[in-house]
Amino acid sequence: MPGGPGAPSSPAASSGSSRAAPSGIAACPLSPPPLARGSPQASGPRRGASVPQKLAETLSSQYGLNVFVAGLLFLLAWAVHATGVGKSDLLCVLTALMLLQLLWMLWYVGRSYMQRRLIRPKDTHAGARWLRGSITLFAFITVVLGCLKVAYFIGFSECLSATEGVFPVTHAVHTLLQVYFLWGHAKDIIMSFKTLERFGVIHSVFTNLLLWANSVLNESKHQLNEHKERLITLGFGNITIVLDDHTPQCNCTPPALCSALSHGIYYLYPFNIEYQILASTMLYVLWKNIGRRVDSSQHQKMQCRFDGVLVGSVLGLTVLAATIAVVVVYMIHIGRSKSKSESALIMFYLYAITVLLLMGAAGLVGSWIYRVDEKSLDESKNPARKLDVDLLVATGSGSWLLSWGSILAIACAETRPPYTWYNLPYSVLVIVEKYVQNIFIIESVHLEPEGVPEDVRTLRVVTVCSSEAAALAASTLGSQGMAQDGSPAVNGNLCLQQRCGKEDQESGWEGATGTTRCLDFLQGGMKRRLLRNITAFLFLCNISLWIPPAFGCRPEYDNGLEEIVFGFEPWIIVVNLAMPFSIFYRMHAAAALFEVYCKI
């Protein structure tokens, strides 16, 4: 039975401590104390309970996949104008899925409120505050989008189905309750009603994915119609232009307001798309955490400090301002005439090449710092971190598919417009930059977080090699009985003193040389500032590169070269499949970089 604070240690422990630590200095705790019998962390998973829980996980995942596949087929049937499948049928299916999720969330929130006095395990890595803040912002814009859709429905109420008015209202209610649910329960580790909860959570995951796919399809149809209208301007008259227009066949009152609402809806779709995919990822982590046994170590809260990142922030904000200017000029010039369209494409490629070169260089410097620093890796099981890494690689493949398609089209084309030679380095850099950035982010999220703030760590450097200060700290700990619960800075002080002293004795160095080795911590502040600037710069650059494709600046559509080589329909299918993943990659990379910044 472990002793309480201040209890004397056993003789064996005392002898081991005296051998490991210099005289007069208390030994560092080598391991956390044993857990009390009966605690959730102490009891390992029961052998008999693993089979039904694994079966429930398999059954729920298959249920979710069937819901998703069936929903995708409804979306496809509506997109290709299949007989007997109209927009009202699709909206009825999505509304029913949302209502079912609403019932489950209300039941879960009500049951949690009834059991609010119970202590429940939490996954401290899941549902970070900044992530919940981001999803709240996107949810607010999604609710505004729903209001615009309701106003659009009122304007065309004479010829629109009632489901087109019910759907945005249901979606707005679903969004508000889901954000409340994620704020309060994203960190939960569900240990009761696990089979039922698995089906409820996985239903929520794939409902959000279907809503995401619906938004992507609507936004892609709008972008494709605009692209078809611009192709004739670029001189590609051999491509048949057939607009896939779903405009209601009646007059709107007033017409100017309805036109403004229609344009406003499509400008808000990118934020709605990000909201749905973020919600599905947070719910997926909740699903993976059902029945999970957490370890006893408490996760240290990350505190983001925004001092010392002036250079990275200024460079990143400069890129952001340049991005907005490029997008505005691009949207004004593209499609006006062939010469203006070509100049807009060249301008975009030059801008993107410059930004990608800077981002690749920053990522290489950051990875080199990690190679020199040789910090230990965090090998603990973390569903949220694993999902982040998997999403980075999976969504990055969307851009790689488009880039390799452009490279192959340039190599096989019979005639090459002037902007072709800017498209080639741009496509190569997209591949290389994502490769480098993924390595930097993945290595960063697997590093152990800094245990002590920078100012405390610097203070520890100054006092660590003073034997009087170490002895005073040891006596203070002994008198207060806080060998385990003491201040992290003091505990780290003693640990560092012990380690430095032991290394000096083994190497035969004198005290002055040992002091020099201990002062190596001073270099850590410079490394951290450099890494913070790199991360801040990459964060703002990823936000910048998210803006052009999200708001219609898509050279993969507008240069026309790939459509000639691969054919119009095949290339459009490739772009419509890969572009949503490419757009989401930038936002997800920005979120991951923000988390990396807080860890440094």
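Glycine too: its Cβ is placed from the backbone N, Cα and C atoms.
Annotated compositional bias 'Low complexity' per Swiss-Prot: 7-27, in sequence order.
The annotation region 'Disordered' is assigned in Swiss-Prot to 1-50.
Taken from Swiss-Prot, the feature topological domain 'Cytoplasmic' covers 1-56 (among others), and the record attributes it to a curator's inference. Predicted-model confidence for the topological domain 'Cytoplasmic' (1-56) is 47, expressed as mean pLDDT.
According to Swiss-Prot, the topological domain 'Extracellular' annotation covers 79-86 (among others). Same-chain neighbours of the topological domain 'Extracellular' (79-86): 161, 217, 221, counting only residues six or more beyond its ends whose CB sits under 8 Å from a CB of the stretch.
DSSP assignment over the topological domain 'Cytoplasmic' (111-128) gives 4 helix, 1 strand, 13 coil. Residues annotated as topological domain 'Cytoplasmic' in Swiss-Prot: 111-128 (among others).
Proximity of distant same-chain residues to the topological domain 'Extracellular' (152-161), defined by a Cβ-Cβ separation under 8 Å and at least 6 residues beyond the stretch ends, is recorded for 86-88, 91, 168, 248-250, 252-254, 257-258, 261-262, 265. If you look up Swiss-Prot, you'll see 152-161 (among others) marked as topological domain 'Extracellular', on the strength of a curator's inference.
Under the heading topological domain 'Cytoplasmic', Swiss-Prot lists 187-194 (among others), citing a curator's inference as support. Each residue of the topological domain 'Cytoplasmic' (187-194) gets a DSSP state, and the totals for helix, strand and coil are 1 helix, 1 strand, 6 coil.
Taken from Swiss-Prot, the feature topological domain 'Extracellular' covers 218-262 (among others).
The feature topological domain 'Cytoplasmic' is assigned by Swiss-Prot to 289-309 (among others), with a curator's inference given as support.
Residue counts for the topological domain 'Extracellular' (333-342) under DSSP, helix first, then strand, then coil, are 6 helix, 0 strand, 4 coil. Taken from Swiss-Prot, the feature topological domain 'Extracellular' applies to 333-342 (among others), supported by a curator's inference.
The topological domain 'Cytoplasmic' feature in Swiss-Prot is assigned to 369-386 (among others); the stated evidence is a curator's inference.
Across the topological domain 'Extracellular' (412-421), DSSP classifies residues as 3 helix, 0 strand, 7 coil. As annotated by Swiss-Prot, topological domain 'Extracellular' applies to 412-421 (among others).
What Swiss-Prot records for 443-532 (among others) is topological domain 'Cytoplasmic', and it gives a curator's inference as the kind of evidence.
Sequence-distant contacts of the topological domain 'Extracellular' (552-569) (same chain, at least 6 residues past either end, Cβ-Cβ under 8 Å): 223-224, 226-227, 230-231, 234, 236, 239-240, 326-327, 330-331, 334-335, 341, 344-345, 348-349, 402, 405-406, 408-410, 412-413, 416-417, 419-420, 423, 575, 579. Residues or ranges marked as topological domain 'Extracellular' in Swiss-Prot (evidence: a curator's inference): 552-569 (among others).
Residues annotated as topological domain 'Cytoplasmic' in Swiss-Prot: 594-600 (among others).
Residues annotated as transmembrane segment in Swiss-Prot: 57-78 (among others).
Counting residue by residue with DSSP, the topological domain 'Extracellular' (79-86) contains 1 helix, 0 strand, 7 coil. Sequence-distant contacts of the topological domain 'Extracellular' (412-421) (same chain, at least 6 residues past either end, Cβ-Cβ under 8 Å): 342, 345-346, 349, 559, 561, 564-565. Three or more CB pairs closer than 8 A are found between the transmembrane segment (129-151) and the transmembrane segment (162-186), so contact between the two stretches is assigned (pairs 6 or more residues apart). Sorting each residue of the topological domain 'Extracellular' (152-161) by its DSSP state yields 4 helix, 0 strand, 6 coil. Against the transmembrane segment (343-368), the recorded stretches 87-110, 162-186, 387-411, 422-442, 570-593 differ in Cβ pairs under 8 Å, and the greatest number is found for 422-442. With Cβ pairs under 8 Å as the measure, the transmembrane segment (263-288) is packed most heavily against 162-186, out of 87-110, 162-186, 310-332, 422-442.
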